[in-house]
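Working notes, beginning with the structure itself.
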Amino acid sequence: MAASHALKPILELLPEELPGEGYRRAQIAHWLYAKGARDFSEMTDLPKALREALAREWRLSEFSLVQAFPSQDGSVKYLFTLLDGKKTEAVYMPYENRKTVCLSTMVGCPAGCTFCATGALGFGRNLTAAEILDQLLTIAYHQGLSPREIRNVVLMGMGEPLLNLRNVLKAVRIMLHKKALALSPRRVTLSTVGIPKGIYRLAEEDLGVRLALSLHAPDDETRRKIIPTAHRYPIAEIMEAVRHYHAKTKRRVTFEYTLLKGVNDHLWQARLLAKLLKGLSAHVNLIPFNPWEGAPVAGTPKAGVLAFAEELKRLGVPTSIRWSRGQDVGAACGQLALKVPRPLTLTPLPEGAGR
């Protein structure tokens, strides 16, 4: 058999593009996305000759190694080694009524946000659509789930999705496809630091997914201190694109705001944020800073987080606080940095997983 990297990635294909004739394509799609098959030999209702032909030409996995690090709160950080040796991460977050995965779209990230460990890594490369999808499929396999049991996807891991839009759109289309993962568009959230051109493009694609803007400051001066690349895209320009997205899709937009001590946590900044969002169907998601080794910033104390939230609510802005999950294994928001937690805690994968 050819080495994995020499084979073609079958996860790049929409169900109607899969190899085979007619109903054989539907069978393959069912094995991939409903049953979560990780080897063509598992597809027992396909003729043996077809299974062998598929295995000679296509690969099912984009990873050479998968490591899992469980948190005390039930979430699990996954560290994936890609076929070229580069690495990326994703997080599984089980809740009482839903199962969520946080997926990466890049190796590293070019945005360089000061509060984010991923940004400190710099940019490695874009992930392919297959590499984005396989994070979800591998997590489902490891958790003993059908891929279709994971009903919430947030593209909030490593990377800026709108700077890898071609691959992200392809992956999202497969997620939404009725013969693939069959996700509801409202269950898919794409997070961006604010790339106006990408937001307009996303609106025109009209996939109906949710948009989350990593704003982190209500004014350009403060935002440039937090996000080095913010000088390229003034807040006014970003907000114009966001308002267009809302008008086009009728989807409420989430604004993510990581609170940093003495930087963006003053109550006057809460009032300025409320003014900025006036007239827009918006929800503010306040994120307490999750510490990481070498971080140049500090988080706002809990009392300050609560006060900022109360001020926004007083001004009529729907607001919630995203308290951390997975912080003990470096899986919380802003902590993904390709680091193995200490002490090392490996969750064994089923035999053959990640191959």
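Using the three backbone atoms N, Cα and C, a Cβ is placed for every residue, glycine included.
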Of the candidates S146, S184, S191, the one that Swiss-Prot places in the S-adenosyl-L-methionine site of G159, E160, S214, L215, H216, N290: S191
Separation of alpha carbons, E89 (active site, proton acceptor) and G159 (S-adenosyl-L-methionine binding site) (Å): 10
Neighbouring recorded positions, C-alpha within 10 angstroms of C102 (disulfide bond) - of E89, E160, H216, N290: E89
Cβ neighbours of G159 (S-adenosyl-L-methionine binding site) where a neighbour is any other Cβ within 10 Å: 29
Overall pLDDT for the domain 'Radical SAM core' (95-322), taken as the rounded mean: 92
Structural state of S214 (S-adenosyl-L-methionine binding site), classified by DSSP into three states: strand
